[in-house]
Amino acid sequence: MLELNFSQTLGNHCLTINETLPANGITAIFGVSGAGKTSLINAISGLTRPQKGRIVLNGRVLNDAEKGICLTPEKRRVGYVFQDARLFPHYKVRGNLRYGMSKSMVDQFDKLVALLGIEPLLDRLPGSLSGGEKQRVAIGRALLTAPELLLLDEPLASLDIPRKRELLPYLQRLTREINIPMLYVSHSLDEILHLADRVMVLENGQVKAFGALEEVWGSSVMNPWLPKEQQSSILKVTVLEHHPHYAMTALALGDQHLWVNKLGEPLQAALRIRIQASDVSLVLQPPQQTSIRNVLRAKVVNSYDDNGQVEVELEVGGKTLWARISPWARDELAIKPGLWLYAQIKSVSITA
């Protein structure tokens, strides 16, 4: 568990945090440049020193301004991966990985190397590596120090699109197989969608929202970040069954289900899906003989006018689903809170 209750002033910027983060999964730190994202993880890592408050990791006090406690970075058991990999140019990859390696991680070396797909790189110098390869090595080096927490400061920011696509699957694999909590700084919605369990939104050094990805994503805090045509819902589902005759998989959403193209995941596997509001249409009665496979019973929570369109907030199986319709459709269907209807979903994307 990471307890953050501190304030810090750097130049004209003031960062104030009072949150407790669970000791598992990935928490994305999100916001514009200058919002305080890097300042936050620098304070946690010990690169800067807050003027007020405390930082406590798994019961160990890293910072306590009143008591004058400020552990040095090397005593914090916190790994840090920067935007640029910062590898030692005169060491081969193997040497970079072993630099600072904890004795407790010696037996884990081969497993971690395989997990990150860097075994073929062990005898190469950093200068011969691609940007994505360098970042995989940097992540491996940080993990081999046996940290209790891993900080990643926009690790994909300096990479081109092909290299980002190369690195994302390795980060996703890490989240599944390495039981180390991570703070992931990013201003990329795509990265957050694919990686984060939770999101903390910072603005001018203040926390605007903090919670599960699907909750924060559907909140008004994210509206400025989402172009109107990209308003969407993030939902947690589980694999329910695979169709016996067609290449389709059913995903459980409450007591209802969604059909998607066949997945390789086993039954009961947990997934996260994204549904664009523009891919959801509404009808008052169950449609007959329709080509749309996904028709869900839903209740209207509210509706909002938005530049000539209407955003309809629905509840499906205790989850929030958004639909975008025209004012004409709203009036003709008499959309109002509490109305039960059917949501027709044209497309579903798997995000994680």
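Any Cβ shown, glycine's included, is placed from N, Cα and C.
Quantities reported herein were computed from a predicted structural model and do not represent experimental measurements.
Pulled from Swiss-Prot, these are the features on record:
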type: BINDING; residues: Gly31, Val32, Ser33, Gly34, Ala35, Gly36, Lys37, Thr38; note: ATP binding site
type: DOMAIN; residues: 1-229; note: domain 'ABC transporter'
type: DOMAIN; residues: 289-352; note: domain 'Mop'
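Feature annotations (Swiss-Prot) mapped to structure.
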residue: Gly31; record: ATP binding site; Cβ within 10 Å: 22
residue: Val32; record: ATP binding site; Cβ within 10 Å: 13
residue: Ser33; record: ATP binding site; Cβ within 10 Å: 7
residue: Gly34; record: ATP binding site; Cβ within 10 Å: 14
residue: Ala35; record: ATP binding site; Cβ within 10 Å: 22
residue: Gly36; record: ATP binding site; Cβ within 10 Å: 24
residue: Lys37; record: ATP binding site; Cβ within 10 Å: 25
residue: Thr38; record: ATP binding site; Cβ within 10 Å: 19
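The Cβ centroid of Gly31, Val32, Ser33, Gly34, Ala35, Gly36, Lys37, Thr38 marks the ATP site; residues of that chain outside this set whose Cβ lies within 8 Å of it are Ser39, His187, Leu202, given in sequence order.
On the 0 to 100 pLDDT scale, the domain 'ABC transporter' (1-229) averages 88 in the predicted structure.
Helix, strand and coil residue tallies for the domain 'Mop' (289-352), in that order: 7 helix, 36 strand, 21 coil [DSSP]. Gly34 (ATP binding site) falls outside any helix or strand according to DSSP and counts as coil.
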